[in-house]
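Asks: Below are the features I grabbed from TrEMBL:
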type	residues	note
DOMAIN	27-201	domain 'Glycerol-3-phosphate dehydrogenase NAD-dependent N-terminal'
BINDING	G32, G33, G34, N35, W36, G37, A183, R298, Q327	NAD(+) binding site
BINDING	K146, R298, N299	substrate binding site
DOMAIN	223-362	domain 'Glycerol-3-phosphate dehydrogenase NAD-dependent C-terminal'
ACT_SITE	K234	active site, proton acceptor
Amino acid sequence: MPCQSFDYSSIGFNNNSGEIYGDRRKKVAIVGGGNWGSAIACVVGKTVKAQSDVFHPTVNMWCRDSRKRGDTSSSIADIINYTHENPKYLPGRRIPENVIAMSSLRDACESAHILILVVPHQGIPQICSELRGKLQEGAHAVSLTKGISSTSENDVVKMQLISEDIEKALGIECSVLMGANLAGEVADGKFCEATIGCKSLKNGEELKMLFDTPNFRIRVTTDYEAVELCGALKNIVACAAGFADGLGWAYNVKSAIIRLGLLETKKFVEHFYPSSVGHTYFESCGVADLITTCYGGRNRKVAEAFIKSDKPLQVVEQELLKGQSAQGPPTAQDVFEMLEIHKLTEKFPIFTSVHKVFVGEHGETELYDSLRNHPEYD
């Protein structure tokens, strides 16, 4: 039965002043109501209540209203507020009652001091455009978004991080959180860990307070470029692992994909961000996240289904993810285009071959050869 519209005034929230009846504690907003956004809401909803001297205990969560014109059914935001569950993207997990879902991006975010961005990287430009100039003074963000971007200076195309896009668009500092964690397990409170990469240790430590729990352990580093790129590039490697599963390749092959994929990740980071440090690959965002995603993530799942069928990628995603998307394929395309511009494709055969499999230029033989003839064996 359709839910009634939720009365946001019932929580005593003053959007214009950004305060809760004069309360100056830090207000948190989550941008994104998919499975990962909902899982993080399960964590943050509890930590803000446990630290009510630092954070305001109400967390806003923006959920895109995907209803078509004339659709009289309830929005996903209203459903979450009345059932405290996201039945579309994270069924069976209870979202804390102090997490208030909203369909208006501006209403959800304009009072926030900390923005948690959990949306596909393709949606970042539009979201930042809507929020530009409408945030609290001194606000900062943390991105859980996986992907890469680029910029052009004097006709030279350069690598750019999604967090850098956010910083330029919003004029605020943006940290990143990446790690070996699957949304359902995080929401269930199972033990896992993550890495926060930040420019400012002050913001990094504040974010650790926000996310860290006995079962969601956080480590902080200023090597934010490597943290963010590990989170993005692991999805490409996971697609290669999914192809291997779909083609019935041996466990030894999949192990090689993970090892060589980690080496390609490290080489990519060192080429475009040579100031990065080596220890980051041994953090949760590095090898741990890579292993988890290659065995349990949505990118592995989508890639396996794609290579076993003759269906277009969009159809496979719709069937498996019910409206969400895998970030591996678009990230593989972005990375391939960057490598091609810089004439580096031969040094990154797995990254290159994954993209070419998705666009139909490579098949099983070429993918296998990208492993057997990898430059790491030279």
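Yeah, the Cβs are placed from backbone N, Cα and C, and that goes for glycine too.
TrEMBL entries are annotated by machine, without manual review.
Can you tell me where each of these features sits in the structure?
Replies: When averaged over the domain 'Glycerol-3-phosphate dehydrogenase NAD-dependent N-terminal' (27-201), pLDDT in the model lands at 94.
Taking Cβ-Cβ distances under 8 Å and a sequence separation of 6 or more, the neighbours of Q327 (NAD(+) binding site) in its chain are P120, H121, K146, G147, A232, N235, N299.
N299 (substrate binding site) has a Cβ environment of 26 other Cβ atoms inside 10 Å.
Cβ neighbours of K234 (active site, proton acceptor) (same chain, under 8 Å, six or more residues apart in sequence): G261, T265, D289, L290, T293, C294.
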Asks: Could you tell me how many residues in the domain 'Glycerol-3-phosphate dehydrogenase NAD-dependent C-terminal' (223-362) are helical, how many are strand and how many are coil under DSSP?
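Replies: Looking at the domain 'Glycerol-3-phosphate dehydrogenase NAD-dependent C-terminal' (223-362) with DSSP, the answer is 110 helix, 0 strand, 30 coil.
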Asks: For G34 (NAD(+) binding site) and R298 (substrate binding site), what Cα-Cα distance in Å is obtained after rounding to a whole number?
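Replies: Cα to Cα, G34 (NAD(+) binding site) and R298 (substrate binding site) are separated by 13 Å.
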